[in-house]
Amino acid sequence: MNHQQKPQEGNLTNLKEFVLLGFSDVPDLQWVLFGLLIAMYCFILLGNGTIVLITKVDSALQTPMYFFLGNFSFLEICYVSITPPRMVFNLGTQRRTISFIACATQMCCILILGATECFLLAVMAYDRYVAICNPLHYPLVMNQKVCSQLVIGSWISGIPIQIGQTSHIFSLSFCGSNQINHFFCDIPPILHLACGDIFINETMVFLGAFLFVLFPFLLIVFSYSKIIFKVLKLSSTKSRAKAFSTCSSHLAVVILFFGSGMITYFRSNSSHSGETDKVLSLFYTVVTPMFNPMVYSLRNKDVTIALRKFLCKQFVKI
């Protein structure tokens, strides 16, 4: 991360609003993107909402693994409700302005829920580690109280730091353009508009990324390295296949979410490209929430069976 001092260009501006450029560089695709985003958003709500529902009502899914999965799906619903609705509104109305307060609120919510997702994915990896590597102690270690504490901790752990980081970023002076080359208020494009020395802010971003992204990722890597070592020692091919099957879905979500997130937040502000940031952001704000219900339903027999039972009951009632 390089120390970057931005020149004090022109008059400092007391901004009251920003302009989200979003996908204005592809005017011919505005209505295509509008329809695509609506379809994706509805799919995400339906898919993750279904997982939340069946993990609550199906008695066969009342285990720690599905308790975490239900919470994760609920988190995805919250997370995806921050950016796509605003993107759809901007595309439909062609009004791209967002107030200073709304921009700060949007960034803060994204950072808090992003931190929650990182920790919750680490918790889910730890759950699989205990289940596979210490199966006899699993009911004792992952009891209801511990599971609830892990989920609550994941939800609240990032709140004070991310509020502080957002406040620090929006207390900067901004000069020149108020146009954000992004489809939501993310840290890199906001810092790009700031004047003066942003070294402290870049350092805070780097430290925040280490704490909320890299640290949970390392815990996940540690958990899965132990799992792989344990599974490879199993004599039964069927047992190995079953163990890997329960972990593969989680790993797919981890790679997609953490990969795009780390590339975005571990680069210095000077090396950021607006177009690249938009593509990477789509992965962790839209693609991952959409990917989640597909991998957990299509690759998980328990979820598939529970979903069939639930749908059959609904048809019988009709």
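Using the three backbone atoms N, Cα and C, a Cβ is placed for every residue, glycine included.
Those TrEMBL annotations? Automatic predictions, nothing curated.
Some features that TrEMBL has for this protein:
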{"type": "TRANSMEM", "residues": "31-54", "note": "transmembrane segment"}
{"type": "DOMAIN", "residues": "47-296", "note": "domain 'G-protein coupled receptors family 1 profile'"}
{"type": "TRANSMEM", "residues": "66-85", "note": "transmembrane segment"}
{"type": "TRANSMEM", "residues": "97-126", "note": "transmembrane segment"}
{"type": "TRANSMEM", "residues": "146-163", "note": "transmembrane segment"}
{"type": "TRANSMEM", "residues": "198-222", "note": "transmembrane segment"}
{"type": "TRANSMEM", "residues": "243-267", "note": "transmembrane segment"}
{"type": "TRANSMEM", "residues": "279-298", "note": "transmembrane segment"}
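Per-residue confidence over the domain 'G-protein coupled receptors family 1 profile' (47-296) averages 88 (mean pLDDT, predicted model). A Cβ distance under 8 Å defines the sequence-distant neighbours of the transmembrane segment (279-298), meaning residues of its chain 6+ beyond its ends; these are 37, 40, 43-44, 47-48, 50-51, 69, 72-73, 76-77, 79-80, 82-84, 110, 114, 182-184, 186, 249, 252-253, 256-257, 259-261, 263-264, 304, 307. The stretch in closest packing with the transmembrane segment (243-267), judged by the count of Cβ pairs under 8 Å and taken from 31-54, 66-85, 97-126, is 97-126. Within the chain, the transmembrane segment (31-54) has long-range Cβ neighbours (under 8 A, six or more residues past its boundaries) at 23, 61, 69-70, 73-74, 76-77, 80, 84-85, 87-88, 91-92, 286, 289-290, 292-294, 296-297, 303, 306-307, 310. Sequence-distant contacts of the transmembrane segment (97-126) (same chain, at least 6 residues past either end, Cβ-Cβ under 8 Å): 15-20, 65, 68-69, 71-72, 75-76, 78-79, 82-83, 86, 150-151, 153-155, 157-159, 161-163, 165-167, 169-170, 180, 184-187, 190, 208, 212-213, 216-217, 219-220, 223-224, 250, 253-254, 257-258, 261, 284-285.
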